Amino acid sequence: MAALLAGQSRRARRTSLWLGCCIVFLACRTIAVSAITCYCDGHCPDGRQNGTCETRPGGHCFSAVEKVYDADSDENVPEWSFGCLPPDEQGFMQCKGNLVPHIQEKNIVCCNNTDLCNKDVFPMYKSKPTVPPDPRALPSGVPLIILAVSLSVLLIVFSVSMVLIYHRYRRKERGPCLVSSQGTLKDLIDQSSGSGSGLPLLVQRTIAKQLALSQCVGKGRYGEVWLARWRGEKVAVKVFFTLEEASWFRETEIYQTVMMRHDNILGFIAADIKGTGSWTQMLLITDYHERGSLHDYLQTSVLDHPSLLAICLSIASGVVHLHTEIFGTKGKPAIAHRDIKSKNILVKRNGECAIADFGLAVRYLSDTGEIDIAPNTRVGTRRYMAPEVLDESLNTSSFDAFKMADMYSVGLVLWEVCRRCASGGKVSTAEPYALPYHDVVPSDPDFEEMRFAVCVKRIRPVIPTRWENDPILFTLSKLMTECWHTNPAVRLTALRVKKTMSKLHIDNAIKIV
């Protein structure tokens, strides 16, 4: 019995000893993998200048040094930084960074034994020894130098010959597609394929690299517009913000649509992306029109009947070209603009207009019946949005719905233009320039304000009474009223508006003669 009790006692002691070891092991493991607090300076989270940071379990604190140039002392001095490293492979590799030679002298030390273990650790890099030149050293053997120079000259001659032969072959094969030293933009466009989709991509990139930006002439939500020169010719360069890449891509895609070129569509020249590793410029190069946007032009100019009709007819002609599908082997799909407003229409030197900014445009591919809407976080201008867009009842599966929404916006632009037309040659009769709904909503209305005014109260811009006594303004007022009708199916098409304006234009020209 005594022996049995002694055996049980020994087994109990061994079990207690084993349990104690397990507890100690688990406690040590918990301590090893628990998070620790590190001192940080120069690499603190949340943009803090200095303080502390906490690693994830298994992470390390670090203290690093790097040689930097001090402008005050005109010397290279050590600069220390402190912080936390993650427990993953990336943190481990950074801790081993001192084992790899660097061009910029630096060093790093990692620890994870206690909190703030890196605070008083100041590692130092090893400066590269400078070996003074040996004055007794002799230059390399002369025969080796002669051989190396001879081989280099032969290699250069061979390379230049191959390049010249290649360029001569490409010139014969492709014809006059590259940018000639004496060519103008008009010459290049005339030499293009004739499809109306713009210049070849190689020519576009060549032009983009040869631009000289001179001054900023406009700013907007998408970016900036600069006046630039290419071989002495003025061009406009639209520089998109980095976040507006979708708008740049879509506008470039629309401009390069076959048969897109038209007198009343802003002339597209080139598109390119320029930049380095830290920044990117997305460029869209177009014709430059010094009179600027219709919005700016109307604020300083009073129109007579011929100039009024020239502006209105050219706007209608541009919209007709967009909305019309051209059939053929390389036809043009129908396009809806979706952001027509006076700021997106430019005034040309001859008094006509050109429609611009196709970042929100939508195409209808009749072969497949598909409506091509590019993904874009940008939305149109709320002041010019049609009622069905404001109340979200637009039928996005019908391309005609997009065209009718464009016509609503056209009606508002016509109202802006007609207000600045003088009756009977008296400048004082023209109303001051104003935006649509200027007397109803604030300068930057939100969706709810526009929806309440346009959809709920069904307010439309006021037609001045003097227009009733002016035959041209009276006719245009009936057109715009039908364009901004609440029911999209009742609105006039762009072609109908163009035909009416063409008749007005012809009748007015006959009266002047």
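Including glycine, each Cβ sits where the backbone N, Cα and C put it.
What TrEMBL says about this one:
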SIGNAL    1-35  signal peptide
TRANSMEM  144-166  transmembrane segment
DOMAIN    183-210  domain 'GS'
DOMAIN    211-504  domain 'Protein kinase'
BINDING   Lys238  ATP binding site
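Confidence for the domain 'GS' (183-210), expressed as mean pLDDT, is 53. All chains included, 24 other C-beta atoms sit within 10 angstroms of the C-beta of Lys238 (ATP binding site).
Secondary structure at the residue listed as 'ATP binding site', as computed by DSSP, is strand.
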